[in-house]
Ligand code: ADP
Ligand code: ASP
Ligand code: MG
């Protein structure tokens, strides 16, 4: 039995008219495979609205209860879509993550998938031609609802494809593929026909939200080819797959940005062993993901530590810093939420010097101040003020010759 997994994002299911387009794509899929697993996101805006609702009830909403709340967005879209299919006489049913179950760990708000009951799915596929599964959600062993992090429906889809041994997973969204940068902020961005898992991993981890990072990790691990396509046209899209010689060998393959950044600086902490651990261990215990970290050189036995986190973790982080303050002897904590990071990504960076210098020079020419820098083998990441993000992306895209013109 050939099974195809097709995932549709929030804008694709936002209205009845759009869901009808989704239905056409699914019916087309049914001509190419015996059975379809449709994975849906919440309708555009629903997840944000639910999170805002939680914020009205509590300044620091309980993470487990927040998951029970926000996961309802996907419950709405799968039920509505399945109604459309059933009205056409198609054998279909909806499934919540906990009904399958898609078992995760208990990191509420950013849970990781541990197992999927593929046998149960295969059983349902005997009775139904189409299963409509809620993306973004799962449950713990003891049946507590979890969610997989923003954008997590992509991961639900690829994990289902891996569990069912489907060779390709189609991710339908509002752009017709993966571009050299976000086509919505850079009109000269170019569509990439094929991209290697490694490069896609870097793009996603640096903020290109077209694919959730863990979906790419799953795809690479289980060799699932992922095709990113548009719900609204017939373009073949972008294939995310293993690296091969037919792929473009570019110095820089893309520019990514991430506005979900907050910067925290701890001033005058003691420069003694154990301080960094005292800062970062309690954050990791609370599942706060720390992104960039910079420690200054020591002056008079004291130093400053600066790091970035997701904006939604700021209040919790400041609370933890207040608790540990006596232990690390700092004078004050300063934070800034008007920051964003921009990354230059490419496997070619590994073998070339001067890429970072070119990036810094290009930003300097536009008068953009660099707040933090971090580099790895295949990327350069720069933290800047949020108001300059679009400009910085366009400048860097142009500097590294990615424009299609
Ligand atoms: P969905 O709701 O379908 O999951 P998302 O909003 O999560 O859609 O992801 C699609 C969006 O990703 C696009 O609208 C685009 O603005 C953004 N994006 C960021 N970087 C890229 C990129 N390199 N290529 C394509 N789209 C990108
Ligand atoms: N609805 C969730 C979100 O908005 C998951 C997703 O769309 O992938 O983040
Ligand atoms: Mg998405």
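Glycine residues also receive a Cβ, built from the backbone N, Cα and C atoms like all the rest.
Taken from TrEMBL, the feature ATP binding site applies to 7, 8, 9, 10, 173, 174, 179, 209, 210. Spatially close to residue 210 (ATP binding site) yet at least six residues away along the chain are 173, 175, 178, 179, 182, 203, 204, 228, judged by Cβ distances under 8 angstroms.
Using a 10 Å radius centred on the Cβ of residue 74 (substrate binding site) and all shown protein chains, the other Cβ atoms total 30. Positions annotated as substrate binding site by TrEMBL: 47, 74.
The average per-residue pLDDT of the prediction over the domain 'ACT' (264-342) is 94, rounded to a whole number. According to TrEMBL, the domain 'ACT' annotation covers 264-342 (among others).
According to TrEMBL, the feature domain 'ACT' maps to 344-405 (among others). Here the domain 'ACT' (344-405) is broken down by DSSP into helix, strand and coil counts: 30 helix, 14 strand, 18 coil.
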Contacting binding-site residues, sequence order - 7, 173, 179, 210 vs ligand 2, Cβ under 6 Å: none
For residue 7 (ATP binding site), the three-state class that DSSP assigns: strand
For ATP, whose listed binding residues are 7, 8, 9, 10, 173, 174, 179, 209, 210, the greatest C-alpha pairwise distance in Å: 19
Residue pair residue 74 (substrate binding site), residue 9 (ATP binding site) - Cα distance, angstrom, rounded: 10
For residue 210 (ATP binding site): DSSP state (helix, strand, coil): coil
Number of Cβ atoms other than its own within 10 Å, given for residue 179 (ATP binding site): 25
Nearest-integer angstrom distance between the alpha carbons (Cα) of residue 9 (ATP binding site) and residue 47 (substrate binding site): 12
